[in-house]
Amino acid sequence: MHTPDIQIAQLLLESGNVVAIPTETVYGLAANIYHKEAIEKIYTLKNRPRTSPLIVHVDSVARCETLVAHLPEKAKQLMDHFWPGPLTVLLPKSDQVPEWITGESNRVGIRMPQHPLTLALIKNCGFPLAAPSANPFSKISPTTAEMVRHYFEDQDVFVLDGGPSQAGLESTIVGFEDDQAIVYRLGALSLEDLEAVIGPVDYADKPNKVFFTPGRFPKHYAPNTPVLLTDTPEVTAMQWVEAHAGKAAVLSPTFTFVHERLHPIQWPENEALERVASHLYRTLFELDQQGFDCLIITPFPEEGLGKTMNDRLKRAATK
Ligand code: TXA
Ligand code: MG
C-alpha cells in the first residue's frame with residue numbers, strides 16, 4: 001500500500017521537488033540537500049527567513065560522520081543511544097554540506113528520524129534530506145498529514161502519509177562546546193532523558209553566543225487564535241469575559257466555572273506527559289478551526305516534557 005507512495009516521493013525528490021515526510025516528531029518539508037533550487041522552494045513555501053538553517057535528515061550514523069568535521073564523544077554517545085529518534089546534533093560541518101543548508105552557520109544540525117517510511121525513503125534516495133517542520137513560518141508544526149494538506153492546500157505538495165506523529169513535539173537540538181553539551185531547543189527528549197546518558201547538560205534558554213539560536217523566534221508555534229497562558233484560569237477567564245465579546249476555550253484540568261461564553265476543554269492532568277505531548281499540536285490546531293476568540297491555557301508541570309510543552313505554549317502566547 002505504501003510502497004508506491006515512497007516511489008512517488010523518491011521520484012519527486014530526485015527531480016528537485018519538495019515532499020512532505022512523516023517523522024516521529026512532526027511532519028517535515030523535505031528536499032535533496034544537494035539540490036539548491038529544491039532547497040530554495042522550501043524557504044519559499046514556508047515563507048521562512050533565509051538566515052534560518054535546515055536540519056539534515058540521514059539514515060545512518062555513518063552518513064552523519066561524512067557530514068561533520070568533528071564528532072565529540074558526547075555527541076556520539078547521544079546518537080548511539082537515541083538514534084533513530086528525536087535528537088538533532090549541532091556539529092561543525094564538513095565540506096560535504098552545501099552552504100545553502102546552513103546559511104551563515106559553520107555548524108550543521110543532523111538527525112536520524114524514527115519513521116519506517118522516511119528511513120526507507122532516505123535510504124532509497126541515497127542523499128540526505130533537508131527538512132524543516134511542514135508549517136508556514138511561525139505556525140504550529142503539523143503532526144498529521146491532514147494538517148500539512150491544510151497548510152499547503154493551494155500549493156502542489158505531495159504528502160507521504162505516515163499516520164500521526166508519535167512524539168508530537170520537534171526534536172531536541174543539542175550542540176557541544178569543549179565537551180559540554182548545550183540544549184538549544186527543548187523537544188521530544190527532555191533534559192532528564194539526555195542527562196541519564198551523558199550527565200549534566202546546559203540549557204540555553206536565553207539567546208547566547210550562537211549566531212542563531214534554534215527555534216528561538218519569540219513568536220512561534222502559534223495558532224491564529226490569541227492564547228493566554230495562566231496559572232489562575234478562573235481569574236483570567238473572568239477578566240477576559242469582561243473585556244471582550246465572543247467566546248473563549250479554557251484548557252485547564254481544574255476549571256469549573258459555568259459561563260455561556262467560556263467553554264471548558266478537557267485538559268489532561270494525570271495522563272502521562274508523552275501521551276499529552278503526542279496530541280498537543282493537533283489539539284491546538286483543531287481548536288483554532290472552531291472559531292474561538294481566545295484560548296485560555298494553564299501550563300503543565302515544569303518537568304520532563306512538561307518543560308518542552310510550556311516552552312511552546314509561552315511562544316504561542318507571545319503577541
Ligand atoms: O523534529 C524536528 O526537528 C523537525 C522534523 C521535521 O525533523 N524539524 C524541525 O526543523 O523542527 P525546523 O527547521 O522547523 O526547526 C529547526 C531549528 C530552526 O530554528 C533552525 O534555524 C535551527 O533548528 N537550525 C537548524 N540547523 C541549524 C544550524 N546549522 N545552526 C543553527 N541553527 C540551526
Ligand atoms: Mg519549525
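Cβ coordinates come from backbone N, Cα and C, glycine included.
The feature domain 'YrdC-like' is assigned by TrEMBL to 3-189.
Its own atom aside, the Cβ of A131 (L-threonine binding site) has 27 Cβ atoms within 10 angstroms in the protein chains shown. What TrEMBL records for T25, H57, R111, A131, S171 is L-threonine binding site.
The ATP binding site annotation in TrEMBL covers R48, S133, S141, R185, Y221. Taking all protein chains in view, 21 other C-beta atoms sit within 10 angstroms of the C-beta of R185 (ATP binding site).
Counting in whole angstrom, H57 (L-threonine binding site) lies 17 from S141 (ATP binding site) by their C-alpha atoms. Among the binding-site residues listed (T25, R111, S133), S133 have a CB atom closer than 6 Å to some atom of ligand 2, in sequence order.
Closeness to ligand 1 is met by S133, these being the binding-site residues among R48, S133, Y221 whose Cβ falls under 6 Å from the molecule. Listed binding-site residues: R48, H57, R111; maximum Cβ neighbour count within 10 Å falls on H57. Take the Cα of S171 (L-threonine binding site) and measure to each of the binding-site residues R48, S133, S141, R185: the nearest one is R185.
Cβ proximity to the L-threonine site centre (mean Cβ of T25, H57, R111, A131, S171, cutoff 8 Å) flags the following additional same-chain residues: T23, G28, I55, P86, T88, P113, E170. Using a 10 Å Cβ-Cβ cutoff, S133 (ATP binding site) registers 26 neighbours.
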